[in-house]
Amino acid sequence: MTYSLLPHIHSPQDLHALSLDKLPVLCDEIRNKIIESLSLTGGHLASNLGGVELTVALHYVFSSPDDQFIFDVGHQSYVHKLLTGRNTEAFSNIRHDNGLSGFTTPQESNHDIFFSGHAGNALSLALGLAKGSSNSSSHILPILGDAAFSCGLTLEALNNIPADLSKFIIVLNDNQMSISENVGNIPQGISHWMYPQKISKLSQKIHSWIQNLPSFLHKKKTLSHKVDIALKSLSHPLFEQFGLHYVGPIDGHNVKKLVQALQMIKDQPQPILFHVCTVKGNGLAEAERDPIRYHGVKAHFQNTSLKKTSGNVELQTPISFPQHAGNILCRLGKKYPQLQVVTPAMSLGSCLEDFRKQFPDRFTDVGIAEGHAVTFSAGIARSGTPVCCSIYSTFLHRAMDNVFHDVCMQELPVIFAIDRAGLAFHDGRSHHGIYDLGFLCSMPNMVICQPRNALVLERLFFSSLLWKSPCAIRYPNIPANEKASNSFFPFSPILPGEAEILCQGDDLLLIALGHMCNTALTVKEHLLDYGISTTVVDPIFIKPLDRKLLQSLLTHHSKVIILEEHSIHGGLGSEFLLFLNQHNIKADVLSLGVPDMFIPHGNPETILNLIGLTSDHITQRILSHFKFFTPIPIERFFKA
């Protein structure tokens, strides 16, 4: 495609210079640029394609950064980046080395007000900006998807909006989707509460008629979209009850109508809810047909067939830890006919789709409501029913009190399947799963473990149902280096606090958590080149530690290395030092983990080099710390 307009847009001021008639052409160029770039890098595709016209219209009518846009989940900000001076090589490398972040990032641009990686916070942040702002001429525009209304934080903020708040426009991008289809009463209610029951029934009849049209009519989805807009315009909306002036619904793919509507409401003296209807994946036929699979894509997605990220995918090599976990839960579901699985909007990412399909009555997606997911799971456990709450490490932070008060304090046997434990690499600082141990380890009654491979993962899941205590099974989103057995029994259950010696040596004791055991075994081989023999231990459990085994090993090992892909604060290293202190054991300990800094996005090799967790870096740090010889200066490898 020839780009006639986009190369000349270096700021919103350049956009303002265009005539209204040229905006549709610009939108086409932006949409093509996103598809072209993400076909090389991967990234969040469908949500950005659906928001092209809306974002262009917002920047055309308002003046960023004086007017402030706050995106609810910054992964829908690619168009915003292109319009604010970031249509550079860095955009072509988005989420990779030397590329832009996949989220809004103030360090990148003063047009990004907040770093936004988690959902549901935009309205609260925007209200805070409005409360503290001294610039009465500035507009504040939180931009929310309809899925954000399943998040309690959004509703709390909605409850606090002053009726006399001016120049405050809530933009509701209603595509009836989260990552997957919306769940729960509230997102569905945004549509159903908009118009009376009679109109709702009429809508169902019309949509049914459209679906029965011949398949060669490819515009069925567009026709359905226009019907939705027309019917919603007949109704009195829910949001008026919250003191908001409702405007909409507006066709989110008609940039001229969007501009005209925004110009009309720009200076109204009360808070406004601007309701826009869009189609997720708009402009790319495959993404429109299957917005779930095209929500986030891998590089070269146009040259390969996208595979479903579900539990029982074809047994291809390698299979990731989450895929193994999904398979194991399906097998557990067959063995334990009462087992319930709960997730906060991560059914697809955590490979739970097969469990959902096989056991729909025993699967609950609560939407973007992590606290509710945890406490809901606690209620299930209290009834005597086994339950697994599957949740990303980075999202578990949001439910810390629920874990403490509703699970651990009640001594309820909720199994937490903590996905994405470890570095997130391309998603960057908001998504790294490297902090959860800091609060989980402090909670009484909590058992915490991490497998090094699929076989240990399998044993931990099956064993956890026997422990009868709260437990957390952590695992990363990387290939597991061994296949699970795919059998029920017999298997050897693991008791909390059972570690495993992987190899024995005389000079060093290297304790490595989870998948870092692979790195530890490589380091052991490197150290052999220097005549150093190493005992490598997989602790399996962070809490409780295998005290008996450790005490035995420490009688003839005084040099110890702890290796983990977690913050050096509050993880395995901290637990081990506490163990030494409690037992009055003296040892020289080198604790290696993620340094106390926010880790940026980038390719795995780059990030591991940055933080010193490659096998070469680790070997050099061990040699330097224990003074086995004078190594290459460590500053060349690592800066904390």
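Just so you know, glycine gets a Cβ as well, placed from its N, Cα and C.
What you see is a predicted model, and the numbers here were worked out from it, not measured in a lab.
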**Complete:** Among H75, H324, H426, the candidate listed by Swiss-Prot alongside G117, H118, A119, A147, A148, N175, E370 for thiamine diphosphate is H75
**Complete:** Ranked by how many other Cβ atoms lie within 10 Å of their Cβ, the binding-site residues D146, E370 are led by E370
**Among H75, G117, H118, A147, which are binding-site residues, the residue with the most C-beta atoms within 10 angstroms of its C-beta** = A147
**Request:** Specify the nearest of the binding-site residues G117, A119, N175, E370 to D146 (Mg(2+) binding site), where nearness means the distance between Cα atoms.
**Result:** N175
**Prompt:** What does DSSP call G117 (thiamine diphosphate binding site) in the simple three-state scheme?
**Reply:** coil
